[in-house]
Amino acid sequence: MSQLPLSGTFTALVTPFTPDGEAVDFDALDALVEAQIAGGVSGLVPCGTTGESPTLSEAETTAVIRRVVEAARGRVPVIAGTGSFSTKKTIEASRAALAAGAAGVMIVMPYYSKPSQDGLREHTLAVARAVPAPIVLYNIPGRTVVDLSAETTERICAAAPNVVAIKDASGNVFRCQELVRRLGDRLTILSGDDALTLAMMALGAQGVISVTSNVLPRETSAVTRRFLAGDLAGARAAHLALLELHGLLFVEPNPAPAKAALAALGRMSAAVRLPLVPAGEATRQQIAEAMRRLEARREAS
């Protein structure tokens, strides 16, 4: 199993759709990948929460992953979101993603069925045994209604050497702290919340899987790049400059605000698939104003 570099800013890619939402806009996806790499991100994560994975068909998911891999051309690693409420489906999706060229997979904790900690452990170990590739765990209890504990994560890591990282979107810096204490030398910890990236890196996380970097890859990756280079003051300044936008991209369900921002920049349609709906006018105006303030600050510096 090859090593997977996991530090810096990884973009949780949106999936561009045609204006009617009926098909994936692959031209816009190609352009998005190119913009991310030009902006200095460390890697790409298609078909996660931000990629609207629940409303993609299996064929679309595989096609999106393959297209991202092709567009990246080996310049950055591609880690595909393959998690599901079903262990069997997670294994099947992970194998398909690897066959499409992904360097690793990210598996969200099973949602809806509300498994116990033992269930989360057995699910993850079953996937790890069946998928001999780097695996990133994804804990986002606000969406899955199950919270992978630090103790369970430690038990998983003891039994599954190919579990190499965790995207922690618990919103709990104390959880990050406990993960670092237990597993800091064994497991790479990545923030799953742009607004907490700097705090989590101060505790020992190595980067972020970011939503905001879809819109501003250069500015978002500057936070992690500066921190990892030892420039705490520069990282803090870059982080604080983005804080307003981080918040605005979640005032409505993700990824509708991010797609609204990208549409305003002319990069894709704002279309999302039901049951999501496009961001409202008030949100679009707030995002536009925040972007203008960021641009003015950049020009003044």
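Just so you know, glycine gets a Cβ as well, placed from its N, Cα and C.
Quick look at what Swiss-Prot annotates:
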ACT_SITE  Tyr138  active site, proton donor/acceptor
ACT_SITE  Lys167  active site, schiff-base intermediate with substrate
BINDING   Thr50, Ile209  pyruvate binding site
SITE      Thr49  site 'Part of a proton relay during catalysis'
SITE      Tyr112  site 'Part of a proton relay during catalysis'
Query raised in the report: When the Cα-Cα distance from Ile209 (pyruvate binding site) is computed for each of the recorded positions Tyr112, Tyr138, Lys167, which gives the smallest value?
Result: Lys167
Report summary line: the residue listed as 'active site, proton donor/acceptor' to the residue listed as 'active site, schiff-base intermediate with substrate', Cα to Cα, whole Å, comes out at 5
Report summary line: Of the recorded positions listed (Tyr112, Tyr138), the greatest number of other CB atoms within 10 A surrounds the CB of Tyr138
**Report entry** Lys167 (active site, schiff-base intermediate with substrate) and Thr50 (pyruvate binding site), distance between Cα atoms, whole Å
**Finding:** 13
Requested in this report: Taking the Cβ of Lys167 (active site, schiff-base intermediate with substrate) as the reference point, list residues of the same chain whose Cβ is under 8 angstroms away and which are at least six residues distant in sequence.
Outcome: Met106, Val136, Leu137, Tyr138, Asn139, Ile140, Leu190, Ser191, Gly192, Ile209
Query raised in the report: How big is the gap, in Å, between the Cα of Thr49 (site 'Part of a proton relay during catalysis') and that of Tyr112 (site 'Part of a proton relay during catalysis'), rounded to a whole number?
Result: 15
Requested in this report: Provide the three-state secondary structure of Thr50 (pyruvate binding site) computed with DSSP.
Outcome: coil
